[in-house]
Every structure is written in structure tokens, then in C-alpha cells.
């Protein structure tokens, strides 16, 4: 989960998030190197006399600064496309859970367990216990298994929402009249937090998402809910 004054990304809890963090570091390193070279060239131009205003043609240089950026963009695009494919790939999920966005709460439906449905509202500050997180705790957590592919089917009953849990690398829009889906495989148990990531009205900031990830063997005994 996130920490105060945190500058980096949250720790990964799924293979896709691990890929995203690796790609982020790779792209950031590439961009930093390019920025350093450009700033160095500008600084050298301003502080030295290594310039020639009489040059009217430099085809080799123009060819180089056309091809080189194209190669760099391709090297960045290829791993990006690979991750994009991984995020959309859905193969034989073990469990399916439906999430419905409302103004301003979430409804969860366990389709594999007799259509069990419950709502998840943010806990107001008056009901928080010591150690709870303000604006992030809910009355009913969505309980999910680890080490098993889970498919989330996401839609909305009113306006646009977005179901997001950063540590799992999940962000899927909830669109009225449309059923979007995403999949993930969590790698470790814990309680992980997210929020609606699409501006959806006056109380947009007050519809958090809390996922409690438990071992698969415990989940298969019957989902454990904090109802």
C-alpha cells in the first residue's frame, strides 16, 4: 500500500504490476538519459564557442536525428505493447466477480457463489478505529483469493466510474450499459486499497475500494465477508 510522502510506485502484488514497474523504470531511465544529453548540448552551446553559423547543409546529422529518435520510440513501444497485451489477456479464470459503480459506492456480486450481492460504502470518520485509514476504509471489503486468476466484470448503474487498485495494476472504467472485464492473479495476501479514478460527481473522492486477499484454500471453503 501507499505510505506518507511516498515518491515511487506501490509494491507489486500481481505479475502485471511487476511488469509495469519494470517498464516504468526502463522508460524513466531512457527519458532521463535523453534529457541529460539535450541539456548538456544546450549548456555547451551557451557556454562555449563550438558553433559554426556558416553551416547550411548537414544531411548526415539530419538523418541521424530522424532515425535515432524513431529507434528509441520503437524500443519503448515494444515492451509497452507487450504489457498492454498482458493486461487484456483473459484465459480460463477460476473465479468471476462483478463490480457495479454507483454514486457513490460499489456493489459486488459473486456470480460463482449463488449470486451473493452486497454493497460497499466508505466508513465515515466517526466509525473509524485506531489505525484505520481516513477516506479509504469501507464497511464491506471485497474478498478475493490469491494464486488464482480472478476475472472482474465492471459496469456502472449511473455515470462513469473507474475501478482501480494500484498495487494490483488494475484500472478499468465502469461505463453505464457496457460490461468491461479485466483479470489478475494476486501473489500475496493482505488488504489493499484503491479509489474510483474517474470524476463522477460531488462525492467522487468518497467511494474507496478495499480488497482483502486471502489464501486460495481458505477462499475455496467459502468466501469470508465482513458483512
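Cβ from N, Cα, C; glycine included.
What you see is a predicted model, and the numbers here were worked out from it, not measured in a lab.
Per Swiss-Prot, the feature topological domain 'Mitochondrial intermembrane' maps to 1-14 (among others); the stated evidence is similarity to another entry. If you look at the topological domain 'Mitochondrial intermembrane' (1-14), the same-chain residues 6 or more away from its ends with a CB under 8 A from one of its CBs are 20-21, 24, 166-170, 184-188, 190-193, 213.
Summarising the annotation, Swiss-Prot assigns transmembrane segment to 15-45 (among others) and lists similarity to another entry as the type of evidence. Long-range contacts of the transmembrane segment (15-45) within the same chain: residues 9, 51, 72, 75-76, 79-80, 82-83, 86-87, 166-169, 184-185, 187, each at least 6 residues beyond the stretch ends and with a Cβ under 8 Å from a Cβ of the stretch.
For the topological domain 'Mitochondrial matrix' (46-59), the model's pLDDT averages out at 74. Sequence annotations record features per position, and here Swiss-Prot assigns topological domain 'Mitochondrial matrix' to 46-59.
According to Swiss-Prot, the transmembrane segment annotation covers 60-87 (among others).
According to Swiss-Prot, the feature topological domain 'Mitochondrial intermembrane' maps to 88-227 (among others), an assignment based on similarity to another entry.
Following the DSSP three-state reduction, the secondary structure of residue 161 (Cu cation A1 binding site) is strand. Around the Cβ of residue 161 (Cu cation A1 binding site), the same chain contributes 101, 173, 174, 196, 198, 200, 207, each under 8 angstroms and 6 or more positions distant in sequence. Per Swiss-Prot, Cu cation A1 binding site is recorded for 161, 196, 200, 207.
The Cu cation A2 binding site annotation in Swiss-Prot covers 196, 198, 200, 204 and is backed by similarity to another entry.
DSSP classifies residue 198 (Cu cation A2 binding site) as coil under the three-state reduction. What Swiss-Prot lists as Mg(2+) binding site is 198.
For the transmembrane segment (60-87), the list of distant contacts is 15-16, 19-20, 23, 26-27, 30, 34, 169, 182: same-chain residues at least six beyond its ends, Cβ to Cβ under 8 Å. When DSSP labels each residue, the topological domain 'Mitochondrial intermembrane' (1-14) comes out as 0 helix, 0 strand, 14 coil, counted as helix, strand and coil in that order. A sphere of 10 angstroms centred on the C-beta of residue 196 (Cu cation A1 binding site) encloses 25 other C-beta atoms.
Take the mean position of the Cβ atoms of 161, 196, 200, 207, the recorded Cu cation A1 site; other residues of that chain with a Cβ within 8 Å of it are 101, 103, 104, 106, 162, 174, 195, 197, 198, 201, 204.
Following the DSSP three-state reduction, the secondary structure of residue 207 (Cu cation A1 binding site) is coil.
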